[in-house]
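In Swiss-Prot this protein carries:
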| type | residues | note |
| --- | --- | --- |
| BINDING | D5, D102 | Mg(2+) binding site |
Amino acid sequence: MALLDVNALVALAWDSHIHHARIREWFTANATLGWATCPLTEAGFVRVSTNPKVLPSAIGIADARRVLVALRAVGGHRFLADDVSLVDDDVPLIVGYRQVTDAHLLTLARRRGVRLVTFDAGVFTLAQQRPKTPVELLTIL
């Protein structure tokens, strides 16, 4: 089972995303093993999908929610409930604002026994604080 971070989820949905081909390749090979979203990644997906400064083909909130519903209908999906607080003792040490979401997702993945799939090398580095947190860092082939 793999939890896709926001960037991986956005890349999966939008063919204009720079990493779309890579995540589709990964998804084709891995989706049947199970893939997941959580409240944080779903909210991030809607936020990014509706922001024209981030996504040139941005859509409205209702449309972004419909796309999310369609993604969740793809086989192997599981929604992970989220009970992480950033003040919990098992959250990696956060030293900068760009690590807040990463630390949250890493903690959720570890608690649920899933790996976190990301394109962000910084997440991989942060995960080294907790060696039992599996992270799959996708690279462009």
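Every residue, even glycine, has its Cβ placed from backbone N, Cα and C.
Values in this document were obtained by computation on a predicted structure and should not be read as measured data.
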Nonlocal neighbours by CB distance (under 8 Å) for D102 (Mg(2+) binding site), same chain, sequence gap 6 or more: D5, D120, G122, V123, L126
So, in DSSP terms, is D102 (Mg(2+) binding site) helix, strand, or coil? helix
